[in-house]
Amino acid sequence: MLVSFVVLTVIYALWPLVSHLSRLWYIKDLLIIVLILVLASLLLHLCRTAKVLQTRMQSGKAQKIWSWILLIVGVPYIISILLAPIMQITHMAINKIISMFVIALMAGVIEELLFRGLLFNSLLSFFYHNKNRFLIAGLISSILFGCMHLINLTHQPLQSTVGQVIFAFTTGIILIYLRLLSNNIVWCMVLHFFIDFKPVILTSNTGSHNISLVKVFLAVLPLMILAIICLWLFNRHYVQTNK
């Protein structure tokens, strides 16, 4: 499955080439939709199931407390993610909004099936006999998810790209935990879609080049730490309930 992950990730990384096949925006969007359907079908077949466990595991007491802390700390981020696009799209042309929707949909569906689906499942199988397999698989998949954004160095500054890597790593851990918590990947797709559903996704520089890397790191550090704690607590609770 790891070979399939690498091949499909490379194919997905080349999706911008689609935009050069036509100058008409609706043809470009249609081609992207076709790409989504093809890649999603292949990934769903390879993943076999959207579940991580046979049945959704109930959270332990400590895990519930830290999950609520993560949610409370994350509320300002969630509000900004949801409100910012609403404020901006009112001034956008309808074709731009549609293109933004299609690209965000592609990122939400394909990247989740790649990293929280195929890769995470493969890593769980690889570390099957390790008691910390959920934590290890979650961290590795999140690191690789962050590193995938290094491809943006081809069209944007280093500072923007490194900031994206840091943000993507943090987001990756949260999305892994969400998949484990819900025992499904659909909610990961939904959250990922809203994170990417913003006008900047249509530009060549999708990072934050005007914000220092220190500020980016400090901004996401609380969420990063809390998400790792929650992931570790899930792993510990799973081990305790499956002795």
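Including glycine, each Cβ sits where the backbone N, Cα and C put it.
Bear in mind that TrEMBL entries carry predicted annotations, made automatically and left uncurated.
Listed in TrEMBL:
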- 96-197: domain 'CAAX prenyl protease 2/Lysostaphin resistance protein A-like' (DOMAIN)
- 23-44: transmembrane segment (TRANSMEM)
- 65-87: transmembrane segment (TRANSMEM)
- 93-114: transmembrane segment (TRANSMEM)
- 134-152: transmembrane segment (TRANSMEM)
- 158-178: transmembrane segment (TRANSMEM)
- 185-204: transmembrane segment (TRANSMEM)
- 216-234: transmembrane segment (TRANSMEM)
- line: The answer for the transmembrane segment (158-178), taking Cβ pairs under 8 Å and residues 6+ beyond its ends, is 70, 74, 112, 115-116, 120, 137-139, 141-143, 145-150, 152, 187-188, 191-192, 195, 205-209, 211-213, 216-217, 220, 223-224, 227-228, 230-231, 234
Task: Might you confirm whether the transmembrane segment (93-114) is in contact with the transmembrane segment (23-44), defined here as three or more C-beta pairs under 8 A between residues 6 or more apart in sequence?
output: yes
Message: As a quick check of your reading of DSSP, tell me how many residues in the domain 'CAAX prenyl protease 2/Lysostaphin resistance protein A-like' (96-197) are helical, how many are strand and how many are coil.
response: 89 helix, 0 strand, 13 coil
- prompt: Between 65-87, 93-114, 216-234, who has the most Cβ pairs under 8 Å to the transmembrane segment (185-204)?
  reply: 93-114
Field: Outside the transmembrane segment (93-114), six or more residues from its ends: residues with CB under 8 Å to it
entry: 5, 8-9, 12, 15, 25-26, 28-29, 32-33, 35-36, 39-40, 43-44, 47, 145, 175, 185, 188-194, 196-199, 201-202
Field: Remote residues contacting the transmembrane segment (134-152) - C-beta distance under 8 A, at least 6 residues beyond either end
entry: 9, 13, 111, 115-116, 119-120, 123-124, 126-127, 160-161, 164-166, 168-173, 176-177, 180, 206-207, 228, 231-232, 234-235, 238
Message: Cβ under 8 Å, sequence separation of at least 6 from the ends of the transmembrane segment (65-87): give me the contacting residues as numbers and ranges.
response: 59, 174, 177, 181, 194-195, 197-199, 222-223, 226-227, 229-230, 233
Field: Averaged pLDDT score, the domain 'CAAX prenyl protease 2/Lysostaphin resistance protein A-like' (96-197)
entry: 95
